[in-house]
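These notes concern the structure reproduced below.
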Amino acid sequence: MKNDTWGRVKEQLLEAVGRSNFANWIEPLEMVEIEEGVAVFTVPTSFMANWVSRNFSDVIVKHLVAAGVPATRLDFKVVANRRANGAVPAGNQPKGDAMSATPAPAAEVNVETKPEELPGAPLDARFTFDNFVVGKPNELAHAAARRVAEGGPVTFNPLFLYGGVGLGKTHLMHAIAHEIRERSPELRVLYLSAEQFMYRFVQALRDRQMIDFKQIFRSVDVLMVDDVQFIAGKDSTQEEFFHTFNALVDQNKQIIISADRAPGEIKDLEDRIKSRLQCGLVVDLHPTDYELRLGILQTKAEAYRAQYPDLQFADGVLEFLAHRITTNVRVLEGALMRLFAFASLVDREITLELTQECLADILKASDRKVTVEEIQRKVAEHYSIRLSDIIGPKRVRSIARPRQVAMYLSKQLTSRSLPEIGRRFGGRDHTTVMHGVRRIEDLQIQDSQLADDIELLRHALDA
Ligand SMILES: Nc1ncnc2c1ncn2[C@@H]1O[C@H](COP(=O)(O)OP(=O)(O)OP(=O)(O)O)[C@@H](O)[C@H]1O
């Protein structure tokens, strides 16, 4: 076939597949010969051979035939000697070796991108499964992560991990990547943040390297994208992410995604992406509880003590921190590190006093803000009465006393004024609240059962 015939067919294909597909997939093809109904093309990469063969064969054959070329099927040959991981402008390919090679199905040609060439983010060596403390709030997420890391047939795809700030999503993602790399070094694992994904995508568009981009992202065995909420509202990045996602799922490759909230709650994320993200297993990391925080502190303190055996902890310091710093694990870790640094500087035992002095700002910022509504709910639960009764007008003692307890705790644990508290108790006057608070203050002294109840409630509200 003459080159100008292929040139004319290309013009038709431009209209048929659109400018972007044409530039990415058709333009780089070079027609070499037609033999016994097989139209032979050279392509820059095996990925491209596969992709064009799967997605554009029919349309190419159709237009070839319409132009009078007797083609019934296509064959692609990857031309050797190209740039390591990229396409070469059409028309510049060295042809010698590839042309004399035995024709091979496109799928058998394999141009490898080595793991080190993958544009991923580095993994933190500390973020392993061994260093991850498991407790009730994260046991499901941990189990799912372990399962994915162990490999075997893909059971849930994608694995979607979500949770609030600093609860261990990134730690788990890195742990999975470490484990897979250790167990199956031949697998190509690509970990990166959604922000980096966008950055690579924009860069590829700008440098006209979309073929490389697609090739790399669609040729990995495990794709891990952290903080996916970042692409919300970024239309072209979402589009590309969606296609990458589909291409990998189609090939049964594992995808692991993390976000700060559930897929359905990510605003400005296309519905089709939301529903794709929900297809596999969605697990959340719950806010830490006291036991998990204490476990994390103990593990970290032990590791630190192994390094600095002279370091002394007074009893109750770790418990105090686990009790007081409830925001997230990152803050907890930061507090512990500061404490260690301070203690080794002043060369003193870490006492409760030293802890309070050294971490005053963190402790203040971490003070939990309890609401009047939470107090009312907990008190109602504790005394097995209805929440509406706490707020309502009933005056029988079995209801009036718990109501006074709730008023007392509201005064103690929140910064609300008496009139504000009164308003939240069904619009009562501030004098009624004041009376309730005083009554409980007095009664506590004589009534040990009441004192215990209040202590229990205070603890529950603090946790
Ligand atoms: N269960 C845990 N055991 C040990 N360390 C933990 C645990 N959970 C969190 N951490 C530690 O807390 C810090 C914050 O965790 P990580 O970066 O994984 O949080 P994240 O959920 O990804 O937060 P972000 O939403 O900010 O991205 C890390 O140093 C991590 O090692």
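First residue shown is number 1, and so on along the chain.
Cβ atoms are placed via backbone N, Cα and C, with glycine included.
Predicted automatically and left uncurated, TrEMBL annotations should be read as such.
Marked as ATP binding site by TrEMBL: Gly166, Gly168, Lys169, Thr170. Feature annotation from TrEMBL assigns domain 'AAA+ ATPase' to 155-285. If you look up TrEMBL, you'll see 371-440 marked as domain 'Chromosomal replication initiator DnaA C-terminal'. The region 'Domain I, interacts with DnaA modulators' annotation in TrEMBL covers 1-99. The region 'Domain IV, binds dsDNA' annotation in TrEMBL covers 344-463.
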Around the Cβ of Thr170 (ATP binding site), the count of other Cβ atoms that are within 10 Å: 20
Secondary structure content, the domain 'AAA+ ATPase' (155-285) (per DSSP, counts of residues): 66 helix, 26 strand, 39 coil
Tally of DSSP helical, extended and coil residues in the region 'Domain IV, binds dsDNA' (344-463): 89 helix, 1 strand, 30 coil
Site with most surrounding Cβ atoms, counting all protein chains shown within 10 Å, from the binding-site residues Gly166, Gly168: Gly168
For the ATP site built from Gly166, Gly168, Lys169, Thr170, further residues of that chain with CB within 8 A of the site's CB center: Gly163, Val165, Leu167, His171, Leu172, Ser258, Leu285, Val329, Arg330
Confidence summary for the domain 'AAA+ ATPase' (155-285), mean pLDDT rounded: 91
List of residues, in chain order, with Cβ under 8 A from that of Lys169 (ATP binding site) and at least 6 apart: Leu161, Tyr162, Gly163, Asp226, Ser258, Ala259, Leu285
